[in-house]
């Protein structure tokens, strides 16, 4: 329209009346984008300008910027410093040869990860780091890839006497953007820049457009068509002549004010003006408070500790139709309370742990037979005290425990102090064993010392916990008796096939899963069920150990499929015929105000789905105790399906029910989506609530995409706290990260302290961005209405008379009531 004013034949008024508003809008937009780029520039400059020490060939320390670090450089990383590149850990100041790192900026998990220095380069004299440059070694590293949980490499150290070959895995590598949590590390850089794991896992975010922006765009298109039609009608009414196209263009220019450009200007102005209010804070902390919605949310006392990370779509929170939530750390506190230990014939609850301590003490002080009850209990407690990767750390005279897997977060020292909450799960078990008299005195990479034990226990092999295996194992040797045995603990679903036949494991697992829900029903105590952990043991002969060592070493030295070969070796040679020692139950409490928050969301018309990787019984227990399932809901447990026919039968059974709350497993969901994707979307969206258990991160994102595909334009929000929720949060229209124990998802548009804080952001309250946007839109409509009324009164009197005559001529039945 503005460019058309350069044509004298269709020029209407002064060109400034068209170029002025256009230039103003473009200037505001360009300034906002420039300020965004400036903030990103400051953030990048800060990261690239960080100083690190690099060792030269003669061992001299030289200070360099992180942007100048290259592959092959040997760098020194101090405690609490960010790792600037992917490095192989050569040496650490910790005597054990290991160090801990924090990976919350990489995978969203706040638990510490253990990393081990290469044995060939980890010397006794840890202070003299310059002699590391005198070592003649070659390192082979695989080509860059995205997997942060795997690394394949080899190292060859050549000395005057011999050549030593060793394998490198993920335990020997520090990924970029992780933080060194203990000691000082020396490492050699293997990947930099775009080849680092963190950058390769940083996919380009989807360009998300808010529903309001889409509606304004559609309205603009509709009004443009209306303007063209109206202009054509006016030209026809005037009469067609040789210059009809000139009059058509003039009428289009006159009627162009119908298109609500001022609405877009007002919205951009609101963003820009209140951005200026917080620009100083933005520059100082390089944060994301760049919208007035973010500014209001951050200052709202009802939702403290809330940080808005997106500057484009926070108004989506007020238009949510589906809220998909994680369980652990989101609906639950992820604070574990040790509640029960079961030995098959006898079970001990938290109020009887003093009796456990008495039996353990008597087993150590008196010489009882191996088949006595006290000896069996002692064996179970010792297995719990040994089968872990918890390390005691002494700082400022106090002892704390750090562990290296997500399964090791959060429990309570029930016997000593009933409500003393710790932060770590296998640390939980270690604290519990301490409470019953078996304390972890010392641990390093090669040995474990228990306080009541006569001698040390040598560590031969450690098989750490992973989300795929859902178990952890350790091969140890009692240096007093020279007995070698395998200790394992893990989820009941995977351990059931490894232990020797018994007639109580499956029954007790189901009983533990239902126990706390019954307490909730009759005592109104908010809790989230019991997590079960199976502990087992197997003695190994010298021949079995020697055969396993040879096979395992061969698997560790393989270049391709190393992790799979190592796991297959363990499965084939060790994980069979285990002796079941005990079953433990750990309780996870619900978050504060979860029940009332879910009720508020249900009353607001928002459907809540819970997606969890936990087992079926625990998921149902949490859904009922949290109020996700109401007492009037008909809970339908979707059966296990293996083929198309079974999926069809289960979907038909679900279709015949009403007011149903659905519980579905991830394996069944995969089969149903493969054959009946549209039918699944229709049926599950009609349920009052949905719980999907045994759900992988990819399946969580798949469910979000299913809703976006078949329920557009309804808005979908995802809320979670861990790295396994990132894909779900990225796929949703609006993502919310909970800053909980398990970690917070950095890809969310907002980060909240607790679940009920996020509820206030989703409800249409005074601080809700959608409410604020509606107020801005209403002000725009009011101003336009006043201007339009003035224009119509003075310039369109004849048109108004025509409209009035038309309305009077219509019959009364056309008006409606």
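Just so it is clear, glycine is given a Cβ too, placed from its N, Cα and C backbone atoms.
In TrEMBL this protein carries:
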- 54-197: domain 'P-type ATPase A' (DOMAIN)
- 222-240: transmembrane segment (TRANSMEM)
- 247-267: transmembrane segment (TRANSMEM)
- 273-295: transmembrane segment (TRANSMEM)
- 326, 327, 328, 408, 465, 489, 531, 612, 613, 614, 694, 700, 724, 725: ATP binding site (BINDING)
- 326, 328, 721, 725: Mg(2+) binding site (BINDING)
- 326: active site, 4-aspartylphosphate intermediate (ACT_SITE)
326, 465, 613, 694 filtered to the binding-site residues whose C-alpha is within 10 Å of residue 725 (Mg(2+) binding site): 326
Fewest-neighbour residue among binding-site residues, criterion Cβ within 10 Å, set 326, 721: 326
Reduced DSSP assignment, residue 725 (Mg(2+) binding site): helix
Per-residue Cβ crowding (10 Å cut-off), top of binding-site residues 328, 465, 613, 694, 725: 725
Cα separation, residue 721 (Mg(2+) binding site) to residue 326 (ATP binding site) (Å, whole number): 7
Residue pair residue 694 (ATP binding site), residue 721 (Mg(2+) binding site) - Cα distance, angstrom, rounded: 17
Residues from the same chain, set at least six apart from the ends of the transmembrane segment (222-240), whose C-beta lies under 8 A from its own: 247-248, 251-252, 254-256, 258-260
For residue 721 (Mg(2+) binding site), the one of 328, 465, 613 that lies nearest, given that the binding-site residues are compared by Cα: 328
Reported mean pLDDT - the domain 'P-type ATPase A' (54-197): 85
Residue counts (helix, strand, coil, in that order) that DSSP gives for the domain 'P-type ATPase A' (54-197): 19 helix, 58 strand, 67 coil
